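Taken verbatim from Swiss-Prot:
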MOTIF     4-11  motif 'PIP box'
REGION    21-82  region 'Disordered'
COMPBIAS  48-60  compositional bias 'Polar residues'
COMPBIAS  64-82  compositional bias 'Low complexity'
REGION    102-127  region 'Disordered'
COMPBIAS  105-117  compositional bias 'Acidic residues'
REGION    126-256  region 'Mispair-binding domain'
BINDING   791, 792, 793, 794, 795, 796, 797, 798  ATP binding site
């Protein structure tokens, strides 16, 4: 072989201008057999900044990727091993080139190059003022059309960001920023000092990790992929002839769309954007007093669209905040200047960006589709405008189909649901710590599926106010509890649910076209398993479900409807047939190309003609390679010779035998013992085979999209299947909770509001393995609608009133509750004022926050409300606190339709208000005098008893907090002095009143006696 130097492909571009004519004949590895289909642009090679990091070997082992022509074999006779750098002049030239290019301060990235140089001519070194390279020009064109996005562009086996995008991404990801032009339009004054754009890069295998980090910073990120391969570009007459590969945006991600549009395996159970929604919101103010809102909210993971129109006083915005809490917006589309600053601040506080988007003209067929959809749900014109706006916004993410399905639209507010306001959700620990331990959600959640968990969350957020629906859930719980141990059908179904993936999310991803093949396979497999399960138990279903006289039909109309509909839908779906079209072994294939090409079982797939045609062409090329191998065997006289692999189709020859090989054989690489070659014919055939492989991948991708469309055609039916399974999962979850010890079915009563319970317990505290003392609840017109509860600090007052509210909410969700017996009315809302905290962000003090909560309660309560008022007035002075509390109780006690109220206080004088609606209670305790303590210690009994208590026993709490005993004794003595002063002051006031009445001369003795009797004497 020739004595020319063998060099790595990393150096080829750096030295080619200095090489001799013989050296210039060297062929790039990317042009040889087995070159990868993803390549770098040639002009990207021109942008290399340094070759100093590249290793040049001078021993007998060749550099990876080196190739040499067989034409130089005569000069290699003295060397039976690989070639070496034995040319001193060449080394000097190489050193000069390395130094010169190092001075240009441009980063070396040639390790990504794979052969795009086939399509561009060699260019001379450029000055900083030279024109942009074709790749940079392509990047600029893309960015100028997508200024609102961060572009992450594939270049070889890396993804790169350029100019201002690179600055942003490098800062967030903490990766190196290579110097260059900092703005895409070259507006930065320093840009003239550079000839390429600044950039940062990361390996393609890290794309999913970095994407999630970028969108978490509220960035809109577009992933730009190569739209053609080197093989197609070379052999396809219809391919573009430009010097760079065509690149297109393949996906656009935001925080709202990443979870549902990502094709990656997402980490953990929490999926970004799982419960979040995208809003389109408009706000109009009438006469400066009333603000009217129109809202469309879409959750892409659940495939739910919520619509709402509501009014509230300008600057109030309480209803808006409730919707923000429930729907958790992550993006909000608004018209320019549509929202005032105080409303925009609500969204800023939750890191929700406002996107100013004007209305766009939609295509005629889209307008018609929206019109047809609206015929079924009857939205107002303002809501239809928002639907159109959201549709045009979704087009960018390929999620617009969700806006055209009428069955997924639902109103936010409903007459059959109660809405818990944010205060109640927080103070009652409904979702404390995201539903973690110690919350009501944690207590009730025994769901087996992700979609069941999300539905249970909706049930808890919106308890029922329709007693018929509540009773149906309670009947279902009783039925499933008795049936589950006697039915193989239910037992097996419950086991299947334990291993069921998120069917609803996968179904929506199938509709969006973003799901992976493995995900589709497991989705079809799971639905098919449900189909088989129902087929297997048809006799049981016929006996108990298909007739309303069956056991299930009699016990639970809700379960009867659920399973009757499930049985019908599962018996008609085509998904089991679609499952037979999949090649299971290909689904499990780790090689992504093989997974794509072999995904379909062509014996069952009904659109396989295009794939089969390309496969036949590929087989023809492989046959020709076999023929070529037979010729090579004859020439080398090695009848058992085989290609080294069926990718590169290389011929392996011992180094001692290479001198007799044909001149046109091309050496690809070598070891100390053997060299590997490709012949001109095998090279052409492998390139042709690569071309057909790329065609097959392209055709398989097209067929995969058609396959997803076939599944999507059953979207409405499949969604019903999933929602019915979710509802059953929720019933199972509530049944599991209801099986706890001493849980009882609530009884609902008509007439005036009442809660009557015997030995009721706080469900959350009890579930934390704390021994909880049960208490009775007596609230009704006869037993008092207003309960004023006094007692020592830490005596259990707040726990008791929370207990009443939690039992009410659990009962109206449709769950059994912890009590021996409970009878209650239906409540339309539960309003709370519990705890003390300020709002530093809004500049509100503790007392102002307290008063704002009271105002909210006064505006929203009615006769069917349950109010929890915990120590109102504690945020201000004692006299003001007493006055406000007194005024509140008097106000409610004089209402003709007074709601049920639980009022805890440390102001015992409030219990002296006279009203037939008021009952006084206190949390019981036992006093104990201990040695060395001036104050009375208290043993809490946590039992509710009638009557008032006049001491809060704050010293006892100070002791529990382990304050120094001397400090507590001093505090007690001061407290006693103040108490005596207060008693003396009251006595003086009484004496003064007596004196004034007795000295009055202008009234009769009878009137004097009446006034004396009216004095408040204790």
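Every residue, even glycine, has its Cβ placed from backbone N, Cα and C.
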Helix, strand and coil counts within the region 'Mispair-binding domain' (126-256) (DSSP):
47 helix, 32 strand, 52 coil
On average, what pLDDT score does this prediction assign to the motif 'PIP box' (4-11)?
37
Centre the Cβ atoms of 791, 792, 793, 794, 795, 796, 797, 798, go out 8 Å, and tell me which other residues of that chain have a Cβ in range of the ATP site.
923, 940
What number of additional C-beta atoms lies within 10 angstroms of the C-beta atom of residue 797 (ATP binding site)?
25
Identify, in sequence order, the residues in the chain of residue 798 (ATP binding site) that are 6 or more apart from it along the sequence and have a CB within less than 8 Å of its CB; answer 'none' if there are none.
834, 870, 904
In the three-state scheme derived from DSSP, which category covers residue 798 (ATP binding site)?
helix
